[in-house]
Amino acid sequence: MPLLSVFYQFCPSTAADYCYQLWLSHGFQLRITRARSSKLGDYRFSSAAAVKHQISVNENLNPYSFLVTYIHEVAHLLTFQQYKRKVNPHGKEWKRNFQQLMHPILNETVFPASILLPLQAYMANPKASSCSDAVLLKALQSADLTGSQTFLTELAVGENFTLQGRVFTKGALKRTRILCLEKKSGKQYLIPGQAVVEKL
């Protein structure tokens, strides 16, 4: 499949040409990988490979998460080209590159307002992972919600829900996690408030 078609498949269509131009400008191998729980994407440099720069992004991301992750990784590539390994992976040099790369697409033609506002706030001082910003994470995950899915924080205390095929009752908030009772075992678990659950 031609790479431009890949960007139209995985990114918001209004950003596909921009993503393709970044690939043309920087010449890297792009891999769309199976879902990985430990990361959304990564950048690698291999001096032995035919194509020395490689970027991978998980295939299961919604278009907005895919786009932010892709630009995040291109910023790593650009930072490596400029500084090699002399700077911190998520230091000020990477932040500046990430901000500059995001600037042309940080608007409502690419992102809905519900994502754009928290994304703009995050981009003022981006962290190593967009998942570390609870407000942005919730906005990005909202694009994935279907039917009876919701965030755990949206349920009332005492409501039942399913998570990974198990039935729980929501309990009290403990900082950023919620103490929940698994019905079958009677055990209590601390579950992140931003977890996507199925309301019963």
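Glycine is no exception: its Cβ is also placed from the backbone N, Cα and C atoms.
Taken verbatim from TrEMBL:
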type: DOMAIN; residues: 37-103; note: domain 'SprT-like'
Helix-strand-coil residue split for the domain 'SprT-like' (37-103), DSSP-based: 33 helix, 11 strand, 23 coil
Rounded mean pLDDT for the residues that make up the domain 'SprT-like' (37-103): 94
